[in-house]
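A.B. asks: Please read through the structure below; I'll follow up with questions.
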Amino acid sequence: MSKTRVYELAQQMGIDNKELMARLADAGVSVKNHMAVLEDSDIKALSAPAQTPHKEVSQEEVRVKPTLIRRRAKAVEPEAAAAEAAPAPAAQEEAPLKAEPEKVEPEKAEAPKPRQAAEPVRARIIEAAPVPKPAAAPAEAAKPEKEKPAEPAPAPKAAEAPAAPAAEAAPAPAPAPTEAPAAKPEAPAPTAPAAPVAAAPAEAQAPAKVEEPEPEKATPTRARILGRVEIPIPAQRPAERREYQRTAPGERPAPRPGMPRGVERPGTERPAPRPGGPRPAGAPGRPGERPTTGRPGGPAGGRPDRPAPLAPIDAPPLLGDDRRKGRKPAPAGGTDYAKNGKKGAPAAAGKGKKETFKDILDKRERVFEPGPRSKGKKGKYEKVQIGKKTEITVPKAIKRIIKISESITVGELAKRMGIKATDLIRALMKLGVMATINHPLDFDTATLLATDFGYEIENVALDVDEILEAEPDAPESLLKRPPVVTIMGHVDHGKTSLLDAIREANVIAGEAGGITQHIGAYDVELNGKKITFLDTPGHEAFTAMRARGAKVTDIVILVVAADDGVMPQTREAVNHSKAAGVPIIVAINKIDKPDASPGKVKQELMEFGLVSEEWGGETIFVEVSAKKRINLESLLEMVLLQADVLELRANPEKAARGTVVEAKLDKGRGPVATILVQEGTLKSGDYFVAGVHYGRVRAMQNDRGEKVLAAGPAMPVEVIGFNGVPDAGDIFVAMGDEKQAKEIANHRQMKLRESELAKHSKLSLEQLYEKIQKGEVKDLNAIVKGDVQGSVEAVAESLRKLSTDAIRLNVLHASVGAITETDVNLASASNAIILGFNVRPEVKAAALAEKEGVDVRLYNIIYDAVDDIKKAMEGLLEPTFKEKYLGRAEIREVFSVPKAGMVAGSYVTDGKIVRNAQVRLLRDNMVVYEGKLGSLRRFKDDVKEVATGYECGMSLENYNDLKVGDIFECFEMEKVAGKL
């Protein structure tokens, strides 16, 4: 015979060693460990084929209380039960129910029946209601009252399969005997194994007899079918093998599902439970009490007028046969009902599964069992799956799409994907990218990473350009609009004076130094026609302003002084106008001056392609005088004529779009911006976005301070309602709602912050080395505050241009508004100076600046600010040392003086010799020594200096190698202030 070890058989079956040992124990084969040797008979007992079960019907019942009988039968339809019961022999069908006690073993002893394996059958748990005493009561359920707490002996396994068909024939409640317990049945002698087979047909009719319902209390006596479950019945075990059981005093052996029962030896009896034995969990008298180790939901008794709740159907199985076969766990107690037969207590006595569960705990893991179901509820416990491995779930396809906005950090991407950040960092290293958890990833890199982990990246970045893209207008919706005219030219050529004369106002009187330092927008009406003027600064620092003015304008008036001619800013204005493709009208101003030369101006402008119409060109030239108001109307007529030629049109019925011409921070009104509406109509209450700021139009004013409710195309207005001061030149767009405007502004702020962080990124090793090499470079930090955004921008740009290789000027902060305590604190922390342009510090800020020693400088003319900063930067430069020649003396004689060393008698040939100066010793025009004079004497007196033509005695410090003919050259080093 071939011998097989336990672990070899487990490998062949594809199961664990412990699981195979548990199956062997269930089959009655005792093994010590996984190295135990199995005989062929053991293997056959473990995997015996299924056989057709006997037609014996085992009616298992237990009297929980006088009016409640718990029964277990096959769970099929009544018609199927009748069909199954038909093949039974006639003699078996005629067996009366009253003869049942003769074939049924009492609780104390019961003959085992040979068990045959059958296909999985269905079982029902039927709860019977109290009924009157029937004519014939099944004696198998009779039990003395005093033995109620005791536990019945287990039924043979052979009754397990036949018990199921009995339930099919008895869907109606069966009568429960009430007085049978009074008569104690005698215990017949044990029978041979064949006796139960013969008794089985008689038992098959028992459910049929009991099936007849009582007419009394039809509703209460109706049985409730709580569930239906597949119960696998293992194959029959060879009869010659003894059943492996452990029997303790006062309790029956523990039945195991799937364990074939052997045939009991004749002449032996099972020990019956003693009346005073321990009460099992869920025994009668404790309704609803949860069994500790037994089957959940054991019956509760104690009151004869109320049935106990049945066990929950969906409790997990206590043994693993079903689980091993891949089936769903059988309902708690279902397997025991089928196995216990007619007298194997259906766990109602509480101890039905106690031993089994303990055996399981010895062989398998502990299983959680829910407590008993509360009375009156029909719900089921959730099934507790045991022994399952952790299942790796894969998210749905829609869950594997990650939406990002242009960029995402490594940590955020890992969180969205549900993986560890270290895994992403490791994947980035493979791609050659050294990143940290806060490292931002662009869309392409994130896509590569996500693909490796089975995810997709979707770019949901806000497309600002697409949202703010101007929609083309239909030709029929375009209406004529006023022209926008920008006045440009060199400083002091009379641009603002000309505009004042046109507007009949005195704007220049309010400008510091008589020069324009911010851009202005004005609306002028001439003969019923409107013209919008933009006045730009002419100073070189305001190049950006002039460029913005040229971009938003339709016509440029180039002002040139007749007595000064073309200047640098004049050339710049011409270049800006040509770059913007704007037509130019030349206004030759100051023709009232005696030295005016309009012809010279026309000739100089020809170099730039501006040829007068009088000379055959296309450029309009008008000779005007702003001071004397000469030819002003002619100039305006030329402007209107040029506008008619351009056919300027716009759609006033759409959302407003425009440009921020100028912006400032008003103490009472907050941020105020001058907006030039270019298309559409801006109304009060409209939401808008401009650059990184957004807001709502709270109020609008024109250039005269009058309140305006709506501003159409080519109309300049001051808008109040920004959440911050916008930059001059920002595009102003009216939005449909605040949410969209805020979203766009926040998106732009994020992009601006990213660009600023990129500028201040960490130094590379090469950059660090260069910085160390340039350690002598000094920094001057400055904070710029101004009245309007354009002026602040101009001053900051002028200061940045002052930076050199020796000293670098850093503008830490530039904003609009008064100098505040925050500015002073920033300056104190960074050792910066504060430059105020047309603003004053607050009282508290001034006191704090004095306390902290912060240098605050106030200006109203840009020239002064630039000059002072130059001086401050020069003060930071290290002074240079320059050698200054003093004189020369020739050694005529050398003397040795005690305690003084060698003394040279010299004659001063040039300049003078100074006592504290430095001296060189020259021999054959070669420097032999350079140091200081030790002494300078004339005769015996120490002197400070000796002039030309005099003799003196000289000695050197720590040097005595003096020879006749050597030359003393006297000099000194003087400091020279550094220059930029």
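In case you wondered, yes, glycine gets a Cβ from its N, Cα and C as well.
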A.B. asks: Among 527-530, 535-538, 575-578, 667-670, where does Swiss-Prot put the label region 'G3'?
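C.D. replies: The listed stretch tagged region 'G3' in Swiss-Prot is 535-538.
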A.B. asks: Among 14-18, 469-473, 514-518, 614-618, where does Swiss-Prot put the label region 'G2'?
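C.D. replies: Region 'G2', as annotated by Swiss-Prot, spans 514-518.
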A.B. asks: What residues in the same chain, six or more past the boundaries of the region 'G4' (589-592), come closer than 8 Å to it by Cβ-Cβ distance?
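C.D. replies: Sequence-distant neighbours of the region 'G4' (589-592): 493-494, 497-498, 559-564, 598, 623-628, 630.
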A.B. asks: With DSSP as the yardstick, break the region 'G1' (489-496) down into helix, strand and coil residue counts.
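C.D. replies: Going through the region 'G1' (489-496) residue by residue, I get 2 helix, 1 strand, 5 coil.
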A.B. asks: Return the count of C-beta atoms lying within 10 angstroms of the C-beta of Lys495 (GTP binding site), excluding that atom itself.
C.D. replies: 28
A.B. asks: What is the number of residues in the region 'G4' (589-592) that are helix, strand and coil, as DSSP sees it?
C.D. replies: 0 helix, 1 strand, 3 coil
